[in-house]
Amino acid sequence: MFPDSEIRVLHVDDESDFVEMAAEFLRREDDRFVVETAASASEGLSLLSDDEYDCVVSDFDMPGQSGLEFLEAVRDDRPDLPFILFTGKGSEEVASDAISAGVTDYLQKESGTDQYAVLANRIANAVERERSRRLVERNERRLRELIDSLPLLLHVVDSDGTYLLANQVLADFHDTTAADIEGSNVADVLPDATAEEFNENVAAVLDEGRMKSFPGIEIPDSDGDVHIFEPRMLPYDFGETGGRAVLGIATDVTDQREHERELEQKERRYQAIFNDPNILVGLLDTDGTVLDINQTAMDYVDVTLGEITDEPFWDAPWFGHSESVRQQIRDWIDRAAGGEYVEFDLDLVDPSGDPYVIEGVIRPVTDDDGEVVSLIISDREVTDQRKYQRELEEANAVQSTLLDTLPVGVLVEDASRDVVTVNDRFFDLFDLPGIPHEIVGSDCSALAVDAGEMLTEPEAFVERTEGLVTDGDPVQNDEIRLRDGRTFTRSYQPIELPEGEGHLWVYRDVTDGKRRETRLESLNTTTQDLMAAETRDEVVEIGVNAAAEVLGMEASAIHLYDDARSALVPRAVTDTVYDLIGDPPAFTESDSIAWRVFEAGEPLAVDDIHDDPDIYNPESSIRSELHLPIGDYGTLIAGSETPAAFDQQDLVFGELLAGNVESALEQVEQTEQLRAREGELMRQNDRLEAFASLVSHDLRNPLQVAEGRLELARETCDNEDLDAVDRALGRMDALIDDLLTLAREGDRVQELEPVDIGDLARRCWANVETEDATLDVTAETKTRADRSRLMQMFENLFRNAIEHGGSDVTVTIGELAGGFYFEDDGPGIPSEDLETVFDPGYSTTRRGTGFGLSIVKEIVNAHGWEIEITDADGEASGARFEITGVSTFRA
């Protein structure tokens, strides 16, 4: 019905190659098709929102939204848009779900190209039906205002279903009078089911307040014959009472429906035969004159159908370029008129001068008596197919070339295990005689037996091969060892061939890779030995041995820089070096390749040292050298009497070894420095211990004698000077305690354990003479610390606050981000003293020793924390110690 109309198709499928191919075939099947593609449902919805399409074709199994979910989304906005599910995941369940979701058609993907003709036909039919439906709707809307004047079934029914008005046509249909119908109820006139549907329609019109048309309704007449009516109803005001009713007009469309079905069937047959958009069709008289030509064929010429009607077909513009072609057409028409079925193909030229190819048939049409009454010529342009065939042949040639240039051996078998294809590399790997195409069709089982003779375990190879084929499970990188020392990996993959199942084998020579792997494993072991070495001599000996044994650099030496000699001095040398050059030299600045590499810090492979201006000994038998700098420590040199003996792999592995030697030398150097530092610390600790013993014994003993004499003096004399002596002796005792603490504890901590900061502060408060002072603890966090040293810190801070803030001072301990603070409300610390408050001996009272805050800082530092002192409120009122860098946690 719409032969010339463009049909816009949206094809949604996540397989890009397939969807492009499908689009191409659809366009070939019907040149009206304009096909756009989308790779997902979301992309398809986006395209639908931006443009109009006549039909959607969708796959079922797609990532994101499935085809059914996509259909539901489309139906939300376009309930009537033709939607065809074209899927390879077909099943009864999928089909049922699709139909339930409102799919227009359901088609399962199959092999071959015939499926696209079916798909094209389904699309065209669906679009034509939808266009016909819309056309009918438009026509009905135009006729609605006129239908009231036609002799149709007419009635007025109120909201209760009572007939207020009925025309005679309605009465005649029910074989009664209009008076009998008026006043009766719908339920008394129509069958129950029909009456119920009728009342629902009335209610819908009254609710929406507008005219509504309803689908065909079947009503039996007085003779029992079922008629199909199309009712239309609109709200109707039947008087001043304002009653609610509807005016209904029903058209008997029984004959129309039947006639439409017949017309549609005839139209489809005609369209399918004559106006196939993919086929050039012509109807000829038996003498060859043109009766009719379809538009597809007319698109190839610059004339109208009227200009060639009743003219000989061979004189038509399609064949004007060649007299021989016109003669061929005449001969074929004569044969077809004689009852012969004539097949042909032709090379033609379109009006623009572009060549094209058609192939087709001329069929005789006979009457009931068998007489030929007309001829039908149908052909199809196959230009693209011919081109595709040529391109396919070229692609096969390219594929064959690529297969032969692959660095892996490829073997393809069919289901019977006969060779389908094999490449040159496969022949090279297994040293097979002949050329690949000579064994196509041969038995692969026998080939496996022959190839197995080259392997270390031939029987296992054959059994493994048979097992993989039987199980059909893909395998990657199966390792195979050959008797000549090579190592292959084999991968197996079952595949689908055009003729059925097949088997793909891929063989790779990984011998070099295995050697690299072995080298890396050996270098890893060497690295462990290097890092376990305790001296420089051990390191360099391990290094040259690894260069020789692991890397195959038999002539190797390690030269280390000697600061005293300002030279690279040989420290480890293989025996091969002595055999080639005798004692290796020491290299000094600007006289050798070795020194140049050492200064530059970049590795160097010299293919022939005799071509290098910095050659140390032009008489040397050494031809090529590999120089590998070992950081600031020296260089590793490997030599060979063969030119260009060292490749990129030697350079890479050599750099790894040299780097490991450098790390080992650095570790040895750090270890030696650490040992020296430990010795110095031990000597320092011995001096501190000696000092502590001196303070503890030589100072405390006289102090105790003085305290005893003071007590004796009090018994015989009551003098105020004795109190001053007592205070001085107490101060001296406190000084000795603080000095011992600084000397013996310093910045060390013992075992760390979880400590509740607030709880520990309260315990320490109880250990100090606090008089009338007050403690306020708001900190509720914990940290890991040396409990005894942290107690010492808090007690010193408490004493310091009471000594400087007075007996009624208030001390607060609270939380900080990443720590805690200690704050008092005393007089604070003068700003000029903030930088020296932690210095040993600092004190602002005669009662203090001056070491309390110094010990506090030592304890903080020993835990890896930081301490800072400020005024509590920024106005020199009180002191605030903030301790940060503390890892805190809650219970």
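Even glycines carry a Cβ here, placed using N, Cα and C.
Annotated features, as they stand in TrEMBL:
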| type | residues | note |
| --- | --- | --- |
| MOD_RES | ASP59 | 4-aspartylphosphate |
| DOMAIN | 139-209 | domain 'PAS' |
| DOMAIN | 342-394 | domain 'PAC' |
| DOMAIN | 694-884 | domain 'Histidine kinase' |
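Residue counts for the domain 'PAC' (342-394) by DSSP state, with H, G and I taken as helix and E and B as strand, are 12 helix, 30 strand, 11 coil. In this model, the domain 'Histidine kinase' (694-884) carries an average pLDDT of 76. Helix, strand and coil counts under DSSP for the domain 'PAS' (139-209) come to 39 helix, 12 strand, 20 coil. When other Cβ atoms within 10 Å of the Cβ of ASP59 (4-aspartylphosphate) are tallied across all protein chains shown, the result is 24.
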